[in-house]
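Novice: Below you'll find the structure I mean.
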Amino acid sequence: MRLKNKPWANELVEEHPESALDRPNPAEKIDWAARFGNDKPIEIEVGSGKGQFITTLAKQHPDRNFVAMEIQKTAAGIILKKKLDEGLDNLQILCADAANLVAYFGENSTSKIYLNFSDPWPKSRHEKRRLTYKDFLAKYQAVLTGDGLIEFKTDNSGLFAYSVKSMNNYGMHFDFMSVDLHHESEEIVEKNVETEYEHKFASKGQPIYCLHAGFLAK
């Protein structure tokens, strides 16, 4: 969902190049170890919205590095404000298109990718834009380590069914799958980190679909 333009958020991104990259040149490799100041494992959320999910993870896991990849500059600015307000040194913001994922991260550089409530692009002519289309799966496979995982959540049953089929056809394995995440075991529910969108729709009784999937050995 596109957010209303907020000039302050756009300006904030421009004022903090040490914390946020605004559409960097894909031809120039990003030195993530230098940006984080360490070489801890990196986890990426592709499409971070207002950042509730990724900032919560960053607070919970100071031993990991996180990148919020968000194409909307206003959304990137909102996430950046949360990062700065909460002093999250293990979070970087990348305002860029996921189509350039491999250029920005390089091969075997990432331990986990989160896809939360991505645009379903329901029309068949837009299939290639879905973040679980085979071409995107190939990009994820390239940047993930051998045991890396994709964690995917959606409220859209059609996108979930499509994603299961797409990943299965790609030869991926599934470590977890649920068609009603918020009614799983207490342990699973407690470990789940909600997005803003997820909280809104789950509170109305909308089932949340979820899967964790990985690739066969490279």
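Yeah, the Cβs are placed from backbone N, Cα and C, and that goes for glycine too.
Just so it is clear, the model here is predicted, and its values are computed rather than measured.
Features from Swiss-Prot:
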ACT_SITE  D119  active site
BINDING   E45, E70, D97, D119  S-adenosyl-L-methionine binding site
BINDING   K123, D155, T195, E196, Y197, E198  substrate binding site
COMPBIAS  13-25  compositional bias 'Basic and acidic residues'
REGION    1-25  region 'Disordered'
REGION    125-130  region 'Interaction with RNA'
Novice: So if I measure Cβ to Cβ from E45 (S-adenosyl-L-methionine binding site) and keep only same-chain residues at least 6 apart in sequence, which ones fall under 8 Å?
Specialist: F53, I54, L57, F66, V67, A68, M69, I113, Y114, L115, N116
Novice: With a 10 Å radius around each C-beta, find which of these binding-site residues (E70, E196) has the fewest other C-beta atoms nearby.
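Specialist: Per-residue Cβ counts within 10 Å for the binding-site residues E70, E196 bottom out at E196.
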Novice: Centre the Cβ atoms of E45, E70, D97, D119, go out 8 Å, and tell me which other residues of that chain have a Cβ in range of the S-adenosyl-L-methionine site.
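Specialist: For the S-adenosyl-L-methionine site, the extra neighbours are V46, G47, S48, M69, I71, Q72, A98, S118, L131.
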Novice: Taking every protein chain shown into account, which of the recorded positions D97, D119, D155, E198 has the largest tally of Cβ atoms within 10 Å of its Cβ?
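Specialist: Of the recorded positions D97, D119, D155, E198, the most buried by Cβ count within 10 Å is E198.
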Novice: D97 (S-adenosyl-L-methionine binding site): which of the recorded positions D119, D155, T195, Y197, E198 is the nearest Cα neighbour?
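Specialist: Minimum Cα distance from D97 (S-adenosyl-L-methionine binding site) across D119, D155, T195, Y197, E198 lands on D119.
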Novice: Residue list, the region 'Interaction with RNA' (125-130) vs rest of chain: Cβ under 8 Å, 6 or more residues beyond ends.
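Specialist: Those are 118-119, 136, 159, 162-163, 166, in sequence order.
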Novice: Measuring Cα to Cα, how many angstrom lie between D119 (active site) and E198 (substrate binding site)?
Specialist: 14
